[in-house]
């Protein structure tokens, strides 16, 4: 059996005390962090909390950091271990050992004391004897918080759905922003004007930052539009800068005081000067070509130099020639319009798709069947060929012999409807009948035959107000103003979309 020394036993006890402090600190931190997490989760059930998972993760990271730091700071000393060992039955012998051990000259009595202490330790397991003490009530509270937090987290909530939808939209926007940033900055690599390039980069960085914090498509499209306007302004600035650089061509020539030179210096060429010819003498032409080669801003731009050289060699130059060269240079350098337009189209398409997918869709009614009056079918509407009439009123409707409505209906002896009604076809007759009275909006009870099965029991829900029905008239007027886009803004179930579009196309035709 290995001989136990006082120092080794105190170190083992010290490590156990450290483990105890780790457990206590973990429970304490767990209660504090768990309470914060529980409050955050409960809050998210009643109001949208974005990035809930990330917030909970930060809370748990903070808990772990707190436990780690506090446990390191609270590391037990040898004195603390000695005092703990004395409480286990050694009656201040360990603390006495530490005091005597620190002295330079150890007496014979200390040697006898140490031998006796170590001999007693051979039959005593100091580490196993000490029991770790953790408050059971705190432990129970910590476990309870964990279960409550998990239950609250998985509890269905409209607020959580809203937050999740916003996060998905933000994820789409961030993805598109990343692609746009990469493509746009690659397009700016050829920009030679350092100031313009720096400003364009700043606009793109600001746009990327704003898009990363955006959680709806409308705002993202607005940010793209703002950036596009800023870049257009920047292009105008670059155009004016190029004109000012071009003015250096006329230095030392007879055209130095011409109206064209003055316009170039101002950065703007008037419309009436665009078609005006400015004759160039051979001497002026040579000097202008020399000046062109010495313009620092155009040294790396072969396209603009070649174009101006060709114009100068012709013996005359127009204002539009200078404007064209300046704009061409910008067109070759700042190529961001296409990237921004592409991003706007993609986000607009995603917005339209998400809006369409989030519509309520078809509702099913177990009571809706042929051969009986439907009183639970709350919403209804009807449209006539020549005018729209209110017919959906009262709690339930009477059977109508003449029907000019959209859909299958009891229509007297109309054989076409009888034959095709079960398939859900559109049928029309001569006129519609309006039932008097005002009450809650109800459906128009109708049936094609005395009995028979219905293939599709879905119906499209439309809005209604007390005392009157919202018929197709308002939607038809909107269609005349906005086209089919206005119709699609209504809550149209996905599977009925083509039917509605065909219906409006037929009305228009």
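Indices start at 1 and increase along the chain as displayed.
Cβ coordinates are placed from backbone N, Cα and C, and glycine is handled just like the others.
Annotation comment: TrEMBL describes 22-44 (among others) as transmembrane segment.
Here the transmembrane segment (56-73) has long-range neighbours at 18, 21-22, 25-26, 29-30, 32-33, 36-37, 40-41, meaning same-chain residues at least 6 beyond its ends whose C-beta is under 8 angstroms from one of its own. The transmembrane segment feature in TrEMBL is assigned to 56-73 (among others).
The annotation transmembrane segment is assigned in TrEMBL to 139-156 (among others).
Averaged over the coiled coil (163-190), the predicted model reaches a pLDDT of 85. According to TrEMBL, the coiled coil annotation covers 163-190 (among others).
The coiled coil annotation in TrEMBL covers 217-244 (among others).
Taken from TrEMBL, the feature region 'Disordered' applies to 351-471.
Annotated compositional bias 'Basic and acidic residues' per TrEMBL: 351-378 (among others), in sequence order.
The feature compositional bias 'Basic and acidic residues' is assigned by TrEMBL to 413-431 (among others).
When Cβ-Cβ distances below 8 Å are used as the criterion, the transmembrane segment (22-44) is approached by residues 52, 55-56, 59-60, 62-64, 66-67, 70-71, 74, 132, 134-135, 138-139, 141-142, 145-146, 148-149, 152-153, 157, 159-160, 163 of the same chain, each at least six residues removed from its ends.
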